[in-house]
Amino acid sequence: MSSSRKAMMKTVALLLSGLCVSGAFAQGSSDGKFTGIGRNATPKEVQAWDIDVRPDFKGLPKGSGSVEKGQDVWEAKCASCHGVFGESNEVFSPLIGGTTKDDIKTGHVARLKDAAFPGRTTFMKVATVSTVWDYINRAMPWNAPKSLSHDEVYAVTAYLLNLADIVPQDFTLSDANMAEVQAKMPNRNGMTFDHAMWPGTEFGKTGKPAKPDTKAVACMKDCAPEPQVRSKLPDHASNNHGNLADQNRTVGAQHGMQTESKPAAAPAAAPAGKSNAAAAPTAILEKNGCVACHGMEQKIVGPGFSEIAKKHAGQTDYLVGKIKNGGSGVWGNIPMPPQPSLSDDDAKAIANWLAGAGGK
Amino acid sequence: MHNNQMTGRVRKAPENFVQGGDVGKVFAEAKAGRRTFIRSAFAAAAAGVTATAARAQNGQNVGEGDPNILELPAHSKGLGQPVAAEGYGKPSKYEANVQRRQSPGLTQTRQASVSFAPLQSLFGIVTPSGLHFERHHQGWWDIDPSKHRLMINGMVKNPKVFTMDEIMRLPAVSRFHFIECGANTGMEWGNVAVPTVQYTHGMISCSEFTGVPLITLLEMAGADLKKGKFILAEGADGSSMTRTIPIELITSGEVIVAYGQNGEMLRPEQGYPLRLVVPGVQGVSWVKYLRRIEVGDMPYAAKDEAVHYIDLMPDGQHRQYTSIQECKSVVTTPSGGQMLLDKGFYNITGLAWSGRGKVKRVDVSVDGGRNWRTARLEGPVMSKCLTRFNIDWVWDGKPAIIQSRAMDETGYVQPTYQQNRAVRGTRSIYHNNSIQSWALREDGEVVNVQLA
């Protein structure tokens, strides 16, 4: 491109950008280098997607929710995976437990130093309420993310904070008081940036990256003492991951170890043993996360499919309703959450199978 | 070894250990290469001769000649498949064992789970896209690229929206990088937990990624790169995964908004149609289904960087925003769960990588770390990329403990378990880059061990 033509193009680009700046849908980039690529986002578009909430609460929408209301939402939509008191370890790691009133005073969770204390709950680790609010808002309930109203998110967050003894039973959490609550988080002082594993220099005071925490030396001769094995898989666990011979290439410098003496078991038979039972709609159950809570035979969080099939044989319509809308009280105190993303056809396929109607 | 007979090394089976009609069966199984069948047949006759039996049909002691040579097979005497019988090709059916796999019991649900790449069966440094490890938080999607949008907002002059058509018109770069989940090898912080390299180290993969440097898009939006010290990357899936990333990696041009992987579009399991590529940094920051980049002046404390991917130190403090995958290596051949066919020559091989740059050197020990030899690095050796190493070895049939130790261009040397535990204790979950030990037993079987 000749320089005069270049100059002309530049003028055209300038003119174009001058013409467009008033419109919300201005075309072209601000520097004109990649003309015609990308456009300005409208304020409504930014609002629709800019949902993050930072620890300084930038991005937090106005709203409020009480502990009491949070309990209702929790029991309907959250308890099935997280337990009534956020203590469940059935589907996801426990959220609540392991913190004390004293931790709220110090901002350090004492049990994090206690190697004998089992597990680490979310509230033992999380330092900021913003994190909890943001994640519930964007990603919960697990099977229907972004379906809660802002007030419901405040309410559920309030309920969790109450379970963790950070706020009282009659508390209402809002955008106005969240900072006060954040100042009481049990592990608010439990985080350090003093390490070499942040890939930038933004956290450091020196502007230089920290040094790695180990300084191994590449010794070449007569280095370590005579090797002593301190840990290996016990023999009875050798087939825990299936037959290793089947997980290696069948040709090459080595083959896989035979860890299984018997051929693999046939797939589990259809539940309830009905002669007219249809095959399990495995793909639908997998896709919708049903098998996270229901085993084929056994209870996980909810009852096993075979138990349901036994109890509700022939009741296709009843089962469709329960699958779509959820429910509680039939199998214990952990409710089945509604399944808003499940199509009617899929719900019917599952119900038909459970009812033993053979796909009718 | 010039003599391909090597009969002296094959112990004879006991006379007449197979009776009558079974002889034909054993012969047929041997022809089909069914080593396991023969092993069990021999084991039934006499303990201690199993491995040698398997070796008898491994190209040695061939008598009149190998029937695979003497009798022409169907594929030499018939008509093969036409072109494009498979519009998108598949591996050979004989490679069906080479698969991604879940580790049983690791998670309760397959939508919030991980599958491991079969490192024991791969060559070179590239992971085939269909074998690339997967990690999903709320299930994966196959998103219509014509409807996908990328938004740039925050501390920018003009918030911008891009379509895939527009992003793919911009000048592209293609670079090879490894991606490793921060939890890779995490199950082994306390003790040996899983049997094979697929499960110990299979949350790593390496691809050529193609896309646009993020800095290009930020400049188009007029980003404030002085006050904007951090970006937030956000996905479009159910979890809308978010991660904070330092502006330093963006301004250096390293971070790519990628749509291509190994010459094709990204696979849906890898974030089709758009994902972030953050070289050297743990996989959770490589946000999939990327829909938004926000420029900001403070870190965001998103759930995964504030609750999960943090490292508990013995003093009760959590290291937050730990992201770099430090220098690490592992021997993939021979490795746990495998069985060597015979004594004699082997090419010990494996992979090394560093989130801080290039791999400079890899040493290999076969005596549990007492003595080391420096391995060959296979080219190419690229920054923040897998590097293949190998070294010659003649196995004398005695027990051995095989290890590899990598060093990167900063001089950092991969630590032992003892060195890592001395600083981080045993209750960490993430960022385990300790030296791996594989114990080779006299019978040729290789098992995962940790040394005192």
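Every residue, even glycine, has its Cβ placed from backbone N, Cα and C.
Pulled from TrEMBL, these are the features on record:
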{"type": "SIGNAL", "residues": "A:1-26", "note": "signal peptide"}
{"type": "DOMAIN", "residues": "A:65-164", "note": "domain 'Cytochrome c'"}
{"type": "COMPBIAS", "residues": "A:252-261", "note": "compositional bias 'Polar residues'"}
{"type": "REGION", "residues": "A:252-272", "note": "region 'Disordered'"}
{"type": "COMPBIAS", "residues": "A:263-272", "note": "compositional bias 'Low complexity'"}
{"type": "DOMAIN", "residues": "A:276-358", "note": "domain 'Cytochrome c'"}
{"type": "BINDING", "residues": "A:CYS290, A:HIS294, A:MET336", "note": "heme c binding site"}
With a radius of 8 angstroms around the mean position of the C-beta atoms of A:CYS290, A:HIS294, A:MET336, what other residues of the same chain does the heme c site pick up?
A:VAL291, A:ALA292, A:CYS293, A:VAL301, A:GLY302, A:PHE305, A:ILE323
Tell me the Cβ neighbour count for A:HIS294 (heme c binding site), meaning other Cβ atoms within 10 Å of its Cβ, over all protein chains shown.
21
So what's near the compositional bias 'Polar residues' (A:252-261) in sequence-distant terms, Cβ-Cβ under 8 Å and 6+ beyond its ends?
238-239, 242-246
Take the Cβ of A:CYS290 (heme c binding site) and count every other Cβ within 10 Å, whichever protein chain it belongs to.
21
Number of Cβ atoms other than its own within 10 Å, given for A:MET336 (heme c binding site):
20
Please classify the secondary structure at A:MET336 (heme c binding site) using three-state DSSP.
strand
With DSSP helix as H/G/I and strand as E/B, how many residues of the domain 'Cytochrome c' (A:65-164) fall in helix, strand and coil?
54 helix, 2 strand, 44 coil
Measure between the Cα atoms of every pair in A:CYS290, A:HIS294, A:MET336, the residues the record assigns to heme c, and report the largest value in Å, rounded to a whole number.
11
Collapsed DSSP category at A:CYS290 (heme c binding site):
helix
